[in-house]
Amino acid sequence: MAAFTAALALSVTGGTVASPAFADPPETDKTPTARGYGGAVSTVDPEASAAAIEVLGEGGNAADAAVAAAATLGVTEPYSAGIGGGGYFLFYNAETGKVGTIDGRETAPAAMPHDAFIDPATGEPYRFTPELVTSGVSVGVPGTPATWERALDEWGTLSLGEALEPAIDVAKRGFVVDETFRQQTLDNELRFEAFTSTSSLFLPDGDAPAVGSTFKNPDLAKTYRLLAKEGTDAFYGGPLAEEIAATVQDPPKTATTPLPVPVGHMTTEDLAEYRALDQAPTHVEYRGLDVYGMAPSSSGGTTVGEALNILDTVNLSEMSTPDALHHYLEASALAFADRGKYVGDPAFVDVPTDVLTDLLFGKERACHIDPQRAAVKPVDPGDVSAYDGVCPASAAAPANEADTENISTTNLTVADTWGNVVEYTLTIEQTGGSGIVVPGRGFLLNNELTDFSTVYDPADPNRIDPGKRPRSSMSPTIILEDGEPFLALGSPGGSTIITTVLQTIMNRVDLGMDLPEAIAAPRAAQRNTATVTSEPEFIDAYESELAPYGHELTPSGDSFTSAAEIGAATAIEFMPDGSMLAAAEPARRGGGSAMVLEPAR
Ligand code: GLU
């Protein structure tokens, strides 16, 4: 494979990748929709999409292009994803017709105690934000480098070094800072100021980089070059592993920070022992389509799948919009009740994945939906040991859980000319992760372990245990129709990932929207809570129509971030004429970037 510095002028919908590729930051104007042939990509960022298109244009496949795009997102979206984090990778293999998955979730260190999130000074849990999330104790062993290597070994054609080339170029020559990047930096100021390594990288001269300035990350370029040369052994072993463990155990705190920064327990052995895991996907049939998702340790596949099974019992397309939305919200609440009760890392917990994705179980859960009236939340979980699909439905004791997931992460969708498809969600947990940059290495460490339940309860499938993977909501999804790709989609957004993917599928499959409309439509998330978390536009459009059912809508967003958005989806639809329709957000997170290799044929 020729080096990516080779001159190559590619005409892509959404702007032109200049020749020589990657010498300068590309035009920042983004196009959220692109339709064409030969390969397609959708990400939140034009640099990442351009990297994927570059790889596809050079003859790489979807797995190669996905790794190139993900590595570039590690540069341009460093607060959402990178080698300090983890994620879940889905691959539709056109040759075998099968969907495979890689679980690259971060993992708790072997020495993590059950009371890791309890402040020894008070005996009470650390305050979640900003104290617990800004800590060494929240850092899980990163899975992203292992995921990239595994995906390339299993499905790709490039070496890791080749796939990292576009990202190395972007890290070296820099990218243009946009409003979102500056705002995310400002949102994290207190946390970034807490560490010498982070403030010098992301708050140069004491301020967030200005909009329009060029942000370079030579340290990250060097780290990527190291991985390119030596493979991921240089991450999970050697000096870098020692530095990661040392940083977690003794974060480089500034003298003036008011944050306590609880230290972590990660060792070089934890890093050496990390493995990305091959896994069977979850599968449900929805309106005759085959929907594949991510199995536990993510709750994405089971929860989206169960909700679809519940909705499959009714005909949404014949309902009024408020009736359809009411069913969507109720199905989601029921599936979230089961998520809380049953889903955790299957290496530690007996997760009834088959039952949760069983149509019969979904049918019985659907008995709880009153077509006229919203149930009082939280609703109880179902009984996975006794169900027959017949009303009345059995119930189990409720789970005790609080939703502490944050809203960050990034997602990408890639397809190639051979028909292979990748759906990949990756994260460092919340925007800015733990806030801790490994000194001199240019990347942030995750705070994914905050996805565990804060307080230890032996009955909780998501309790902290050493060596365990915290439950995720990431829901990369690939949908086939008659064995061929129909739609691939995913989103960031903590537990609203699940509702975003579910709502987008419903919008596209049932409510008569095309893919760009399905993504742009205002969102609401019912996660088995008293009120429905809703974007302001959703409240404006549906509040009065949903009130008669008893749904109370409350605005999304929190006091620590400036965004009131739910999710930031990317997707590709495979059109009947053989073209690919790549779609990203038109507005959320400043808009995403869709590109195709050949706009016309
Ligand atoms: N930690 C979340 C999860 O695994 C992802 C974070 C986010 O999307 O904001 O589900």
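The backbone N, Cα and C atoms fix where each Cβ goes, and this holds for glycine too.
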Among Arg105, Arg127 - the residue TrEMBL places in the same L-glutamate site as Asp451, Ser472, Ser473, Gly494: Arg105
Per TrEMBL record, range annotated region 'Disordered' [choices 18-38, 543-563]: 18-38
Whole-number Å value of the largest CA-CA distance among Arg105, Asp451, Ser472, Ser473, Gly494, listed as L-glutamate-binding: 14
Candidate binding-site residues Arg105, Ser473, Gly494, pick with smallest Cα gap to Thr409 (active site, nucleophile): Gly494
Cβ neighbours of Ser472 (L-glutamate binding site) where a neighbour is any other Cβ within 10 Å: 31
Ser473 (L-glutamate binding site) CB neighbourhood, other CB atoms within 10 A: 31
